[in-house]
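Okay, structure first, notes after.
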Amino acid sequence: MSAQLDKEYPTFRHLFEVPTLKSLNISSDTNESIYLCGNSLGLMPKSTRKAINDELDTWAQQGVEGHFSHPERTPWVDIDLPLLPLMAPIVGAKESEVAVMGSLTSNLNAMLMSFYKPKGKRTKILFEKHAFPSDYYAFLNIVQLFGYDESHLIQVAVQDGATYLRTEDIIFEIENNAEELALVCFPGIQYYTGQFFDIKSITKAAQDHGICVGWDLAHAVGNVPLNLHDWNVDFAVWCSYKYLNSGPGAMAGIFVHQRHTENNSKTSYNPRLAGWWGNNAQERFQMKEEFNPINSALSYRQSNPSVIDTVAVKASLKVFQEANGIQFLREKSIKMTQFLQDLLTQSQYYINQNEKPTKLGFQILTPLDPNQRGCQLSLLFHPHYDEKSKNIMEQVNKYLHNRGIVCDERRPDVIRVAPTPLYNTFAEIEYAVKSLNEALNQIEN
């Protein structure tokens, strides 16, 4: 069946460098690994190396003149601007609503400084329990900067016996705490469970009460289609090294709805962490002691972008363009993850989400509804230890790795498996599940 599906759904694997068993120090075999870890770090597009080397050559040959007089490509002073029409459709935004800048948490902190506006009783931030720690630190830091403590952070927890949050529970907490909320901020996709939140409904529920809404889209961008402008999201932040395949620690991105920037002027603009690269480009090098923000999300930039980082992001975004865009890839992604789910639920070691674990096996933490997830399935292994006091999850992951299957482990007991439509195949998924069953069988016997 996997062979037929691979014929129906093309792969763009040829555009990527895929680690081999030899390069991963697994064996001397030069065959490519099965890389199911794009949710942690995407593979390198083959075009990235040339894109970076070209700019290194320009630096060597032009020096400072590369800023304004590039021999072949965009001068460095505008190096990030060609990325806007490539990034905007991936997040469902207007070009004026996106900027490629900074890193994920630095951008989140910048957005919080601008959009967290405590006033009167409205001082609190609502977000998920067990959020990615960096987000928690940012939320705690911003309330402390305004003189509050952690009691001004409201966390929505999963109900007892459930593995992920329900939209109605989030909306209930918004409505129940509306008079005290200054900000609601959730992830588009939960990093641990892989749950895809209902961004449109949650945003509307909060804004109906006059509450600002932001989103951390680290695991959503390049994974699922987004419509940030139409959903009326106030702001969003994301990284680009996961599904966008821009490289470890690569430059990140922001979305700011046009209603917050289109009327920017010297005397009227949203307070922010400002810098000269957010200033009107025509006045930037006049060195005036006057901030005249650009009428777009670019006004949130602080410093000139790293050229090397920027061209790496551009190379990765061009891959999405060549692959016919995120909507096209989503169709294949839904099919792949459903194929993975079907194989897993057929395993003798599968334990239903609502079942109390009493045997060796795994549960799927991720919603089984394709519309409530991206490409990732998170597998929770039981029990924690075997009879020899060895961690089950770690044994399974080691078995998979020794067979050239790269997944992401989250201690103590979870393996995240993320078949990525750009470069993974159905045959790889089939082999990975077969190997997982073999690993558990070996532990059992």
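Each residue's number is its place along the chain shown, starting with 1.
Any Cβ shown, glycine's included, is placed from N, Cα and C.
Keep in mind it's a predicted model, so treat the numbers as computed, not measured.
Positions annotated as pyridoxal 5'-phosphate binding site by Swiss-Prot: Leu104, Thr105, Phe132, Pro133, Ser134, Asp135, Asp216, His219, Tyr241, Trp276, Asn304. Sequence annotations record features per position, and here Swiss-Prot assigns N6-(pyridoxal phosphate)lysine to Lys242.
On the structure: features taken from Swiss-Prot.
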residue : record                              : contacts (Cβ under 8 Å, 6+ apart)
Leu104  : pyridoxal 5'-phosphate binding site : Ser134, Asp216, Ala218, Val237, Trp238, Cys239, Ala252
Phe132  : pyridoxal 5'-phosphate binding site : Pro187, Tyr191, Asp216, Ala218
Tyr241  : pyridoxal 5'-phosphate binding site : Leu41, Gly42, Gly247, Pro248, Gly249, Ala250
Lys242  : N6-(pyridoxal phosphate)lysine      : Gly38, Asn39, Ser40, Leu41, Gly42, Ala218, His219, Val221, Gly222, Asn223
Asn304  : pyridoxal 5'-phosphate binding site : Trp76, Val77, Trp277
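Highest Cβ count within 10 Å among the binding-site residues Ser134, Asp216: Asp216. For the pyridoxal 5'-phosphate site, whose binding residues are given in the record as Leu104, Thr105, Phe132, Pro133, Ser134, Asp135, Asp216, His219, Tyr241, Trp276, Asn304, the maximum C-alpha distance rounds to 31 Å.
In the three-state DSSP reading, Phe132 (pyridoxal 5'-phosphate binding site) counts as coil. Reduced to three states, the DSSP call for Leu104 (pyridoxal 5'-phosphate binding site) is helix.
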